[in-house]
Amino acid sequence: MKNIEKSEIIISLVDVDKEFGDKKVLDQINLDIKRGDFVTLLGPSGSGKTTILRLIGGFEWTTRGEIKFNGIDIKDVPAHKRDTATIFQDYALFPHLSVRGNIEFGLKLKRIKKKAEEIPDVVWKKFEHLKKKWQDKQKRKIKELKILQAHLEKLLENPQLDIKKRKKLQDKLDDSDFRYSNWENYLTSKSESFKKKYLTRKITKQEINKEITDIIDLVGLTGNENRAISELSGGMKQRVALARSLVIEPEIVLLDEPLSALDTKIRQKMQVFLKKIQQKLGLTFIFVTHDQDEALQLSDKIAIIRNGKIAQYDEPKQIYDYPVNKWVANFIGDSNFFQAKYIKKNQVEILGLKLYTIHDEFIPGQKLDCLIRPEDIDIDLDSGYFKGKVIQNIYKGSYYSLDIKVENTIINVETNDFYDLETQVFIKWDDDAIHLMEMENAEI
């Protein structure tokens, strides 16, 4: 497999819009993904997360905006020419082929670099000559398009344009943007075609056998090479799909809710397995799910998608502990929300009580949303911030989920201890358990 270093940004989405007819499904998506990261696109059904994945994979075209791969816009590059592999929810395996046959399928088109001594000098000279021609043509075409785009953008600044003319100009600008992307990729495309023809060779049968043996061992399918797909469990099918994607050595693996059809135990095992494989190979994984726990466990970073926009993009712990708003907090985990008032630096009022907080970035008197996670609340029988009584007790296997009524407020608490209904208790928390955020349209 490739030795891939985790460092620079490999994929960037810049001001990406996607429209289906009159419906805008993605709105100004900006997203940078580093090489070697496991990034999850998390959101409810219909939020646009799968559309983002399909745009990166080349299965959909952007309406406008850029999709940059290693700094070059590839939005007009077809799926089969992108250095990606996709694992679908239904696995998309070939039922008429065995495990080995499915994995071998992509390898048959693979090319191997020739050794330097196998390539005549005349071939290198020809390549350098053609490369100069391609570069000159690329520069000329890009310059022409820049002039055209500047002209169209100037025309669009006219506030007196009617809707019909504005749309016509915008369509021309969008079209020129796709042509710009095409010419940005012109040199790379021509160079790759030349290299494939003159600088590479077909993979041999012996090399195919070795690569298949190595990948089957990597994904834990040794001994199942000749089994039919219909004989496999869901977890094993997922491993075949993963092996088929990895064996072609893509830079990016796209995973569209690949674990959603598995039962809980197999799903948990596959989560661990996927993360282990990704870390071992150092590949970039872009993973779509609506399962919050799955995203938190697997990801280096999570992009939370809501109504076609990125609500928050950060490391899992940062999103869980410091959500940007109430919606994100509720979506990513269980929450207790209180209306709070910022008193002064490091002091906030919650349920009429002034408490210490680590927050110091707000304005005195500012109304805020206050988040406290259920697992951050402690129960004491003798003392605490607030006194209440247990009105609900649900056993969750590894903990108890309690609802505690404090005056007219219901507070959810997770605890390892059992408490009878109607038990009088006190609740409290550490200073850093208070997470403050601005209220939407809040007034000071």
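Backbone N, Cα and C atoms are what each Cβ position is placed from, and that goes for glycine too.
These figures come from a predicted structure and were not determined experimentally.
Quick look at what Swiss-Prot lists:
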type    : residues                               : note
DOMAIN  : 11-332                                 : domain 'ABC transporter'
BINDING : G43, P44, S45, G46, S47, G48, K49, T50 : ATP binding site
REGION  : 111-201                                : region 'Insert'
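Counting every protein chain shown, 21 other Cβ atoms lie within 10 Å of the Cβ of T50 (ATP binding site). G48 (ATP binding site): 22 other CB atoms within 10 A of its CB, across all protein chains. Across the region 'Insert' (111-201), DSSP classifies residues as 74 helix, 5 strand, 12 coil. In sequence order, H290, I305 are the same-chain residues whose CB sits within 8 A of the CB centroid of G43, P44, S45, G46, S47, G48, K49, T50, the residues recorded for ATP being left out. For the binding-site residues G43, P44, G46, the ranking by surrounding Cβ atoms (within 10 Å, all protein chains) places G43 first. Across all of the region 'Insert' (111-201), the predicted model scores a mean pLDDT of 93. Of the binding-site residues S45, S47, S47 has the largest number of other Cβ atoms within 10 Å of its own Cβ. Shown in sequence order, L41, L42, G43, V288, H290, A303, I305 are the residues of the chain, 6+ apart in sequence, with a C-beta less than 8 angstroms from the C-beta of K49 (ATP binding site). DSSP assigns T50 (ATP binding site) to a helix in the three-state reduction. Secondary structure at S45 (ATP binding site), taken from DSSP and collapsed to helix, strand or coil, is coil.
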